[in-house]
Amino acid sequence: MTEQPPQNHSVDLNQNEDNNENDYRSSSATDAERPCEPKIEESTAKPPTGPPAPPPPPNGGLVAWLHVIGGFMLFFNTWGIMNAFGVFQTYYESGALFERSSSDISWIGSIQATMLLLVGFFTGSIYDRGYLRALLVVGSFCIVFGHMMLSLCKTYGQVLLAQGFCVGIGAGCLFVPCVSVLPTYFSSRLGTALGLAVSGSSMGGVIYPIVLNELIGPLGFGWSVRVIGFIALGTLLVPIAVMKQRVKPPRARALIDWSAFSDIPYMAFTLASLLAFMGLFALLFYISYFGAAKPITDTRMAFYIVPILNAASCFGRTIPNAMADKIGPFNLIAPCCLAVGVLILCLLAVTTEAGLIVIALLSGFFGGALIGLPPLCFVALTKDKTKIGTRIGMGFGMVGLGVLAGGPAGGAILSHSHHSNWTGLWVYGGVTSLVAGFIICIAV
């Protein structure tokens with residue numbers, strides 16, 4: 001048996017040592033790389049995501065309900081002032097301050113309401129940048145200042161600037177906080193909370209006409225309007241004191257969502273709302289003057305038709321909103337549009353004070369839903385919830401065109417036959433509301 005040469009053993013040993021050294025280096029390299037692996041996984045699995053998501057809305061509690069009170073006061077001094085314009089229309093028609101046609105006078109209220117919607121469209125991005133307090137202060141100042149200037153006005157142009165533009169711009173600054181703050185504090189109870197806040201517009205539409213009617217005799221027009229300005233000042237201090245922006249959007253919303261124009265249900269509902277507001281504002285502007293001019297009632301009672309209508313609308317803005325949480329807003333707003341159209345047409349047959357009061361009560365209830373439900377409808381039509389602010393602003397901006405046209409168009413129809421074409425006015429208001437209801441039923 002032959003023995004292996006000793007050098008073979010030395011070669012094998014050297015090879016084994018080389019292999020062991022390579023294994024050691026490989027193992028050392030592997031071990032050295034292991035601590036880095038979790039870091040690589042962490043950096044790829046957890047990229048920076050920006051600020052943490054805000055907690056869900058509390059849906060109650062002292063702070064949340066204080067914001068409902070603040071929202072109530074905002075609606076009290078925005079839509080509440082708009083709803084009271086019918087009393088100013090009746091007073092201006094008397095010629096005590098200036099002599100102008102019904103259509104010219106209605107431009108004051110129409111511009112005021114249009115400014116509310118259009119300025120609200122542009123101030124949405126300011127709100128998104130976190131300037132809630134600035135909007136509240138500027139809007140409150142414009143409303144109070146506008147009324148103080150209105151108390152000094154003697155001509156149509158002065159009234160148009162003070163009441164139409166100044167008060168309207170102030171209301172527009174407050175409109176976005178009206179509809180944007182509460183959804184950050186309520187989700188499951190949003191309809192109820194928003195309905196309670198929106199009822200402030202009805203309360204304003206009751207109190208402001210009564211104040212003007214009761215004080216204009218003993219104090220005159222100037223001091224009566226100043227008292228309205230002081231009431232606005234006191235009530236607007238409440239939202240300035242209690243309202244805070246709970247959630248600041250990560251970035252300011254775009255002014256226009258171009259995809260909305262190809263969204264057929266959204267555009268159909270916007271068109272329907274535009275037509276509904278045309279008919280509704282014809283009713284709000286002229287029902288008081290109708291009672292005095294026919295004459296169905298005396299002048300004093302004619303002033304109270306607007307507060308009666310707005311008192312009923314308080315229930316129309318709360319009950320349907322609360323029901324919308326259960327059965328959906330579209331199942332309510334469509335029949336309300338149809339009901340308003342029928343009631344406006346019923347004014348063609350009204351010849352007694354009792355009949356006029358009944359129409360005012362019923363149209364106030366169903367008309368209140370036409371103002372309270374659209375924000376919920378726009379929310380329901382927006383699939384991408386990050387675009388809610390944009391879509392609400394766009395929708396109300398387009399609806400503002402109907403508000404702008406509604407009153408003056410009705411005034412032009414009325415003035416066609418020496419301020420007596422009431423048949424044409426009520427047919428115009430009734431048909432536009434009926435068409436709006438049918439569009440919602442068919443297309444949305």
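Glycine too: its Cβ is placed from the backbone N, Cα and C atoms.
Taken from Swiss-Prot, the feature region 'Disordered' applies to 1-57.
Annotation source Swiss-Prot lists compositional bias 'Polar residues' at 1-13.
The N-linked glycosylation site annotation in Swiss-Prot covers N8 (among others) and rests on sequence analysis.
Sequence annotations record features per position, and here Swiss-Prot assigns compositional bias 'Basic and acidic residues' to 31-44.
Look at Swiss-Prot and you will find 48-57 tagged as compositional bias 'Pro residues'.
Residues 109, 112-113, 116, 140, 143, 167, 171, 174-175, 177-178, 181-182, 185-186, 193-194, 196-205, 207-208, 232, 235-236, 238-239, 242-243, 310, 371 of the same chain lie 6 or more positions beyond the ends of the transmembrane segment (62-82) yet place their CB under 8 Å from a CB of it. What Swiss-Prot records for 62-82 (among others) is transmembrane segment.
The transmembrane segment annotation in Swiss-Prot covers 107-127 (among others), and the record cites sequence analysis as its basis.
Annotation source Swiss-Prot lists transmembrane segment at 134-154 (among others), citing sequence analysis.
Residues 71, 74-75, 77-79, 81-82, 88, 92, 97-98, 107-109, 111-120, 122-124, 126-127, 132, 135-136, 138-147, 149-150, 153, 194, 197, 239, 243, 375, 392-393, 396 of the same chain lie 6 or more positions beyond the ends of the transmembrane segment (159-179) yet place their CB under 8 Å from a CB of it. The transmembrane segment annotation in Swiss-Prot covers 159-179 (among others) and is backed by sequence analysis.
Annotation source Swiss-Prot lists transmembrane segment at 192-212 (among others).
Counting residues 6+ beyond its ends, the transmembrane segment (223-243) has Cβ neighbours under 8 Å at 66-67, 69-71, 73-74, 76-77, 81, 132-133, 136-137, 139-140, 143-144, 147-148, 150-151, 174, 177, 181, 207-208, 211-212, 215-216 in the same chain. The feature transmembrane segment is assigned by Swiss-Prot to 223-243 (among others).
Sequence annotations record features per position, and here Swiss-Prot assigns transmembrane segment to 267-287 (among others) based on sequence analysis.
The transmembrane segment annotation in Swiss-Prot covers 301-323 (among others) and is backed by sequence analysis.
Only residues 6 or more beyond the boundaries of the transmembrane segment (330-350), in the same chain, are considered here, and those with a CB under 8 A from a CB of the stretch are 272, 276, 279-280, 282-283, 287, 290, 296, 316, 320, 323-324, 356, 359, 362-363, 366-367, 369-370, 373-374, 377, 380, 422-423, 426-427, 429-438, 440-441, 444. If you look up Swiss-Prot, you'll see 330-350 (among others) marked as transmembrane segment.
If you look at the transmembrane segment (356-376), the same-chain residues 6 or more away from its ends with a CB under 8 A from one of its CBs are 79, 179, 190-191, 194-195, 198, 201-202, 273, 276-277, 280, 283-284, 287, 290-291, 296-297, 305, 308-318, 320-321, 324, 329, 332-333, 336-337, 339-340, 343-344, 346-347, 350, 392, 395-396, 399. For 356-376 (among others), the entry in Swiss-Prot reads transmembrane segment.
The transmembrane segment feature in Swiss-Prot is assigned to 394-414 (among others); the stated evidence is sequence analysis.
Residues of the same chain lying 6 or more positions beyond the ends of the transmembrane segment (107-127) and with a Cβ under 8 Å from any Cβ of it are 78-79, 81-82, 85, 88-89, 92, 134-135, 159-160, 163-165, 167-169, 171-173, 175-177, 180, 245, 252-253, 255, 281, 285, 389-390, 392-394, 396-397, 399-401, 403-408.
Tertiary proximity for the transmembrane segment (424-444) is limited to same-chain residues at least six positions away from its ends with a CB under 8 Å from its CB atoms, namely 264-265, 268-269, 271-276, 278-280, 282-283, 286, 330, 333-338, 340-345, 347-348, 381, 406, 409-410, 413-414, 416-417.
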